[in-house]
Amino acid sequence: MAAVSGLVRRPLREVSRLLKRRFHWTAPAALQVTVRDAINQGMDEELERDEKVFLLGEEVAQYDGAYKVSRGLWKKYGDKRIIDTPISEMGFAGIAVGAAMAGLRPICEFMTFNFSMQAIDQVINSAAKTYYMSGGLQPVPIVFRGPNGASAGVAAQHSQCFAAWYGHCPGLKVVSPWNSEDAKGLIKSAIRDNNPVVVLENELMYGVPFEFPPEAQSKDFLIPIGKAKIERQGTHITVVSHSRPVGHCLEAAAVLSKEGVECEVINMRTIRPMDMETIEASVMKTNHLVTVEGGWPQFGVGAEICARIMEGPAFNFLDAPAVRVTGADVPMPYAKILEDNSIPQVKDIIFAIKKTLNI
């Protein structure tokens with residue numbers, strides 16, 4: 001009460017100054033956006049921007065998508081642009097490819113890329129090869145997107161990574177986002193591209209929130225296809241990855257930093273065309289290389305990176321052989337303990353890095 005009465009006796013201006021001193025402004029909290037919402041936002045902006053863009057796939061319309069990635073789009077754009085299809089990947093992928101040849105820009109969603117094998121003829125023979133076979137006269141501006149790679153408890157037929165499969169095929173562009181910024185920027189670039197683009201998302205990342213920088217909130221935000229990003233600077237070893245394992249690599253780098261090992265972590269973002277310039281420049285700086293992926297080891301993304309390093313100028317800068325961290329060379333088991341041991345974990349990445357550095 002004494003403090004209050006003291007304030008009452010003071011002139012009003014002085015009281016105002018005293019009260020102001022008790023408060024201070026803090027920077028606003030960074031906007032957090034999930035990967036799911038980032039993809040949704042990117043598709044929404046492109047649907048609004050270009051009336052030739054439309055989305056089709058199983059349960060993408062009234063149900064808002066099996067993973068709710070297309071939430072709200074059917075209510076906003078209606079039946080003509082958000083189209084539910086029968087359970088026939090070969091059928092609706094063929095419709096989408098034909099629409100692209102006719103001048104539209106379809107987004108073809110596979111409920112999982114494991115099911116894209118049902119439509120492989122449409123993706124490879126019709127979409128990927130037509131521009132070449134027509135002598136550049138017939139572009140096929142189509143996006144094939146959906147979850148790729150390991151999920152949780154969905155076993156052998158729903159857990160495969162197709163990065164190497166589609167990255168193998170000329171005529172396709174293949175992107176593999178990790179965080180929300182990647183997801184929005186790459187889906188928008190894919191939709192605007194005049195070539196067929198495969199967008200390999202990850203089911204386990206859909207609900208993960210990431211800081212969303214102001215530039216990513218713009219409707220003009222794009223991430224160029226074919227350009228990697230250095231997520232963490234380092235001097236001792238280069239660690240290259242894509243999709244969900246990028247997060248594991250950053251966790252491993254944080255652990256090793258406490259031991260005096262500084263890892264340079266590269267988020268590939270694009271599988272094809274691969275940004276070898278960024279990878280080579282990093283290897284020339286660190287003199288060591290580890291690749292990390294969730295797919296099988298033989299003929300994988302890591303194998304391609306290692307081969308190109310061996311064939312290129314960075315090879316002479318290596319102080320030790322490059323090491324790959326991959327999924328196990330088996331179909332994905334159902335039991336959780338076996339599943340966990342079939343995909344790269346943080347401990348596996350740390351082990352590989354220490355092996356490469358001989359520590």
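Cβ coordinates come from backbone N, Cα and C, glycine included.
According to Swiss-Prot, the features are:
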TRANSIT   1-30  transit peptide
MOD_RES   Tyr67  phosphotyrosine
BINDING   Glu89  thiamine diphosphate binding site
BINDING   Ile142, Ala190, Ile191, Asp193, Asn195  K(+) binding site
SITE      Asp319  site 'Important for interaction with DLAT'
MOD_RES   Lys354  N6-acetyllysine
Next on the checklist: Would you identify which of the recorded positions Glu89, Asp319 has the most other C-beta atoms lying within 10 angstroms of its C-beta?
Outcome noted: Glu89
Checklist entry - So for Tyr67 (phosphotyrosine), how many other CB atoms are inside 10 Å of its CB? => result 19
Item to check | Mapped DSSP class for Ala190 (K(+) binding site), helix or strand or coil | outcome: helix
Next on the checklist: Other than Ile142, Ala190, Ile191, Asp193, Asn195 themselves, what residues in this chain have Cβ atoms within 8 Å of the centroid of the K(+) site's Cβ atoms?
Outcome noted: Arg105, Pro141, Val143, Lys173, Ser189, Arg192, Asn194, Pro196, Val197
Checklist outcome for this item: Cβ neighbour count (10 Å, all chains) around Ala190 (K(+) binding site) is 29
Checklist entry - How big is the gap, in Å, between the Cα of Asp319 (site 'Important for interaction with DLAT') and that of Ile191 (K(+) binding site), rounded to a whole number? => result 42
Checklist entry - Which of the three DSSP-derived classes (helix, strand, coil) applies to Ile142 (K(+) binding site)? => result coil
Checklist outcome for this item: Candidates Tyr67, Ile142, Ala190, Asp193, Asn195 (recorded positions); nearest Cα to the residue listed as 'thiamine diphosphate binding site' turns out to be Ile142
Item to check | Secondary structure at Glu89 (thiamine diphosphate binding site), reduced by DSSP to three states | outcome: helix
Checklist entry - How big is the Cα-to-Cα gap, in Å, between Lys354 (N6-acetyllysine) and Ala190 (K(+) binding site)? => result 37
